[in-house]
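According to TrEMBL, the features are:
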type     : residues : note
DOMAIN   : 101-513  : domain 'Major facilitator superfamily (MFS) profile'
TRANSMEM : 147-163  : transmembrane segment
TRANSMEM : 175-195  : transmembrane segment
TRANSMEM : 201-221  : transmembrane segment
TRANSMEM : 228-251  : transmembrane segment
TRANSMEM : 257-276  : transmembrane segment
TRANSMEM : 488-509  : transmembrane segment
Amino acid sequence: MAFAELLERAGGGGLFQALQVFTLLLPSILVPPQLLMENFSAAIPGHRCWAHVLDNSSEAPANLTSEALLTISIPPGPNHEPHQCLRFRQPQWQLLDPNATATNWSEAATEPCVDGWVYDHSTFTSTIVSEWDLVCEYQGLKPMGQSIYMAGVLMGSVFWGLLSDRFGRKPVLSWCCLQVALANTSTIFASNFLIYCGLRFLSAFGVAGIIMISVTLVAEWTTTRRRAVTITIVGCSYSLGQMTLGAMAFVLRDWRALQLAMSTPFFAIFLISWWLPESARWLIIMGKPEQALRELKKVSRINGHKEATKSLTVEVLMTSMEEEVASSKARKSVLDLFLVPVLRWRSCSIFSQMISYYGLVLDLQNLGSDIFLLQVLFGAVDLLARATTTFLLSFLGRRMTLASFQTIAGLSILANILVPQDLQTLRVAFAVLGKGCFGISLTSISVYKPELYPTVLRMTADGFLQSAGRLGAVLGPLIRLTRQALPLLAPISYGVIPIVSSLILLLFLPETQGLPLPDTIQDLESQAGLLGGSWAGLWRWGAGVPTAPRQESPRVREMC
C-alpha cells in the first residue's frame with residue numbers, strides 16, 4: 001500500500017487525473033448503447049402474414065377497402081387484432097356479411113405465413129427482426145441472439161481480466177477499443193442473422209475489457225480521498241450513455257444507421273487511448289520499476305510536480321514497495337479468490353450483487369411504455385442516483401450504502417409483484433425506483449471492488465465478478481421463458497437475491513473507506529489481523545471496524 005504515498009508526491013489529483021477521466025469518459029458513454037442496443041435494433045414491429053388478395057394489388061377488388069380485405073385475409077388474434085402468425089388459406093368473403101359471427105371464421109382453414117410477413121414501419125424503418133423475419137416460429141432467435149451477446153461479455157470478462165493482470169492495462173484497453181470498432185462496424189454488412197450474432201459476440205468480447213479496465217485504471221491512478229469522486233464520475237457516464245442511446249434511436253430509426261453511429265467513435269477512442277500511461281502500481285508489482293518510474297515522472301510533469309521528477313528514482317520505488325514486490329512473486333490464480341480465506345466472502349458477496357443487477361435490468365425493460373421515453377427516463381434517473389453516490393459513500397461508507405440501496409431495490413421489485421398489470425404508472429414508478437437504487441449500488445460496487453482486492457489479483461477478480469454479473473443477463477431470456485408456468489419466479493428471484501447478498505455484505509465484508517488500495521494478499525491479511533483472531537475478530541472485521549493505515553516508509557519520507 002506504499003504506492004499511495006508515492007502517488008501523493010507525484011500528484012494524485014491534478015491535470016493528469018482530469019485528462020485521464022475525460023479520456024475514459026468517452027468509451028464509458030458508448031458502452032451502455034452497445035449493451036442495450038437491441039432494445040431498438042431488435043425491436044419487434046407490428047406484423048401480419050403477407051396475403052395475396054390484400055397485398056397483391058392486381059388481385060384486390062377495386063370496390064373493397066383495405067380494412068375489408070384484411071378481414072377476409074387474416075383471422076383475428078388473441079387480442080382481436082389481426083393475427084400475427086396465421087392467414088386464411090382462401091379469402092373468407094362471407095365475413096363481409098355484417099351478421100357474420102365468430103363461427104364463420106373459426107371453422108375456416110388457416111396456414112402459417114408461408115409467403116412472409118408485412119411489417120409496420122411507422123416506428124422503425126428497419127430492425128433485425130423485420131429484416132430476417134425473427135417472428136412467429138422464429139421468435140426464439142431474438143432472445144438467443146441477446147444471450148449470445150451477453151455470453152461474449154461473460155467470456156471476455158474472464159479473458160481480459162487474466163490478460164490485463166499478465167500483460168498490463170493499457171495495451172489490452174486499446175485493443176478492446178479497436179476490436180469493438182471493427183466488429184460493430186462490420187455488423188452493418190451482415191447478410192444473415194448467424195453472421196450478425198458472430199460479429200456481435202466479438203464486439204461483446206471487447207466491450208467487457210473496456211468496462212473493467214477503464215474503472216481499474218482510474219482507481220490505480222487516483223489517491224484514496226479522491227477515488228470515490230472519480231469513479232462516480234465514470235459511473236455517471238454510463239447513465240449519459242443510456243440517455244444518448246434513447247435520443248439517437250429516436251432520430252435514427254434504421255438499425256444499421258444506429259449501429260454505425262454508435263460504433264465509429266471507437267476508432268477515434270482507439271487512437272486517443274495510446275496517450276494513457278500504464279498503471280505504475282501494476283508495473284512495480286510485476287517487477288518493471290524502470291517503466292514505472294517513466295510513467296510516474298510523466299504524471300509528475302503533467303501535474304506540475306517538478307520536485308517529484310527529481311527525487312523519484314528506481315531505488316525509491318523498490319525500497320518503498322519491497323514487501324509488495326516480494327509477496328507478488330508467489331503464483332496467483334482465480335482460485336485464490338475462493339481458496340484464500342480473506343478473499344472468499346468478498347468474492348461470494350460481490351458475485352451475488354452483480355448477478356442481481358444484471359439479471360434485473362432485462363426485466364426492467366419489459367414495461368408497457370414508450371420505448372424511447374423509457375430509455376431516456378431510466379438514464380436520467382440513473383444519472384441522478386449515481387451523482388449522489390459520492391456523498392452517500394462519504395457519509396454512510398461503502399458497506400452501508402451498498403447494503404441499504406440493494407435492499408431497497410429488492411423490496412421495490414417484490415412490491416411490484418403486488419401491483420396489478422393495469423396500473424402501469426405505479427409499476428413504472430416501482431421499476432424506476434429499483435433502477436435508481438441499482439444505479440447507486442453499481443457505482444458503489446465500482447468504488448468498493450478495487451479496495452477489496454490486491455493489485456496482483458485485481459483484474460482477475462474483476463473479470464470473474466463481471467462474468468458472474470453477466471451470467472444473470474445470459475440467463476435472463478431463459479428465466480423469462482418460465483413465466484407461463486412459474487410467473488413469479490423471475491421477480492421473486494430478482495427481489496430476494498439483493499436482500500440476501502446485502503446481509504452477507506454486512507456480516508462478512510470490511511469497511512474500506514479511507515484506506516489505500518491493497519497491493520498484495522498479505523496487505524489484506526494484515527488488515528484482518530489488526531482486528532484480532534477468533535470469532536470476535538471476524539465479527540469486528542465484518543462489522544466494518546476501520547483499520548489503521550500503513551505507516552509511511554522512511555525511504556518515501558525522504559522525498560518530502
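Quick reminder: no glycine exception, Cβ is built from N, Cα and C everywhere.
Below 8 A, the CB atoms of the transmembrane segment (147-163) and the transmembrane segment (228-251) form no more than two pairs separated by six or more positions in the chain, fewer than 3 in all. The stretch in 175-195, 201-221, 228-251 that contributes the largest number of Cβ pairs under 8 Å to the transmembrane segment (257-276) is 175-195. Within the same chain, residues 17, 21, 24-25, 28-33, 36-37, 39-40, 214-215, 218-219, 222, 258, 261-262, 372-376, 378-380, 382-383, 385-387, 389-390, 393-394, 439, 442-443, 446-447 sit at least 6 positions outside the transmembrane segment (228-251) and bring their C-beta atoms closer than 8 Å to a C-beta of that stretch.
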